[in-house]
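Participant: Below is the structure I would like to discuss, written out as structure tokens.
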Amino acid sequence: MIPVENNTMRRVVRQSKFRHVFGQAVKNDQCYDDIRVSRVTWDSSFCAVNPRFVAIIVEASGGGAFLVLPLHKTGRIDKSYPTVCGHTGPVLDIDWCPHNDQVIASGSEDCTVMVWQIPENGLTLSLTEPVVILEGHSKRVGIVAWHPTARNVLLSAGCDNAIIIWNVGTGEALINLEDMHSDMIYNVSWNRNGSLICTASKDKKVRVIDPRKQEIVAEKEKAHEGARPMRAIFLADGNVFTTGFSRMSERQLALWNPKNMQEPIALHEMDTSNGVLLPFYDPDTSIIYLCGKGDSSIRYFEITDESPYVHYLNTFSSKEPQRGMGYMPKRGLDVNKCEIARFFKLHERKCEPIIMTVPRKSDLFQDDLYPDTAGPEASLEAEEWFEGKNADPLLISLKHGYVPGKNRDLKVVKKNLLDNKPSANKKVGLIGPAKGVADGVGTMQNEAKLDEILKEIKSIKDTICNQDERISKLEQQMAKIAA
């Protein structure tokens, strides 16, 4: 625990409405049991959640896989339950799209990023075909992070020390930041409107980067002096919060102003455990939750404008150590129970939801706990963001609870894929003497290819229609049995 430094800290914390936030693990029958959580040695959270699904990276033979379970599918998960299993190497990181609750991205040791569309009611068969495969990294991809406000913009970072920003709607890499990091990137965080990113790296530097200008805006060497992994995240006010280790291997947390990174605004030492601290941040309440890998506790802090800026609130403790942690977006919480955070704690063989609540006597909607929060609508299209526009998240009220709407399917339109091929053929034709003949052959070949592709698309559509009919028949039969 952080020592209480002076009376001001003691006074400020006591006055906070989050002083008595308490965590509670759900009952056993509301956990997800019999899951073989991945054993990969990688410091990501291994779990991603949204108001519809919980996704967990699992052990898989001959490749990489993750489970996607509808939130209500608690209890024992059958060994034969379908997985998302298109990667040829272990999956290292997953992230749900903030603008579509059925789209998830995964990064893997096979050097690729894949984007998947999950059926509305979850998986009935294993999913092996992603909507799009993003290839551009030369080493394993350990980080994927969706843009907070622009549709279809995805960032990935690999062990090739490169960060690539993709337009998922066209399957193209539009920004490649490959020479900014001299060593492995531990994590990447977008700021609130997605105009900047901050990164923590093995070279002990914290960098604030403008990805579109491809320049480093601010940098701090030895933000934490220890050799173990750091984390850096943006806060809503533009400051950067970091976790790391001191030279004596004590865990530290710090707060920085990117306009002046010489000295931290605040620096606190915590304990001497060696688990990497994963920070989860709620911009609506300015609370940061720290979950150490291998710890059995979640510590939480409130960030304010008054010294000492980072105020220790409390610790949720349990018996079992955590292998990873998922964090529910605000719109997935139960506002009627004054729930301000929900974590999905990974054990060796199960996933256990933990609910954080502010005790209140009134049953009325507590608008001081639930200011308008980021909703599922994108504020910008990918093209607008790449052209230089910025926009804050579109906010929604949680007064009547959040009802997930219908998500549109992710469609990937590969730009000029067929247009490019005839031009390549034409170039070949120019080399040989029979220019016209080569041109003609090239065009015919392309027309044949186009016909082939169109036929294939038609046959896939037919298959889907047949499957839809079959599913609806089965559903009717199930309904009759249930009745």
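Each residue's number is its place along the chain shown, starting with 1.
Placed from the backbone N, Cα and C atoms, the Cβ positions cover glycine too.
As annotated in TrEMBL:
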DOMAIN    11-75  domain 'DUF1899'
REPEAT    84-126  repeat 'WD'
REPEAT    134-176  repeat 'WD'
REPEAT    178-219  repeat 'WD'
Participant: Using Cβ atoms and a strict cutoff of less than 8 Å, what residues sit near the repeat 'WD' (84-126) while being 6 or more residues removed from its termini?
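Facilitator: That would be 38, 40, 42, 44, 47-53, 55, 57, 60, 63-70, 73, 132-135, 137-146, 148, 151, 154, 156, 158, 166, 168, 329, 374, 376-378, 404, 407-410, 412, 471.
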Participant: Mean pLDDT over the repeat 'WD' (84-126): what is the value?
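Facilitator: Looking only at the repeat 'WD' (84-126), pLDDT averages out to 96.
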Participant: Counting by DSSP, what is the helix, strand and coil composition of the repeat 'WD' (84-126)?
Facilitator: 0 helix, 22 strand, 21 coil
Participant: What does DSSP give as the helix, strand and coil breakdown of the domain 'DUF1899' (11-75)?
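Facilitator: Secondary-structure breakdown of the domain 'DUF1899' (11-75): 8 helix, 24 strand, 33 coil.
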Participant: Take the repeat 'WD' (134-176) and count its residues per DSSP category (helix H/G/I, strand E/B, coil), listing them in that order.
Facilitator: 0 helix, 25 strand, 18 coil
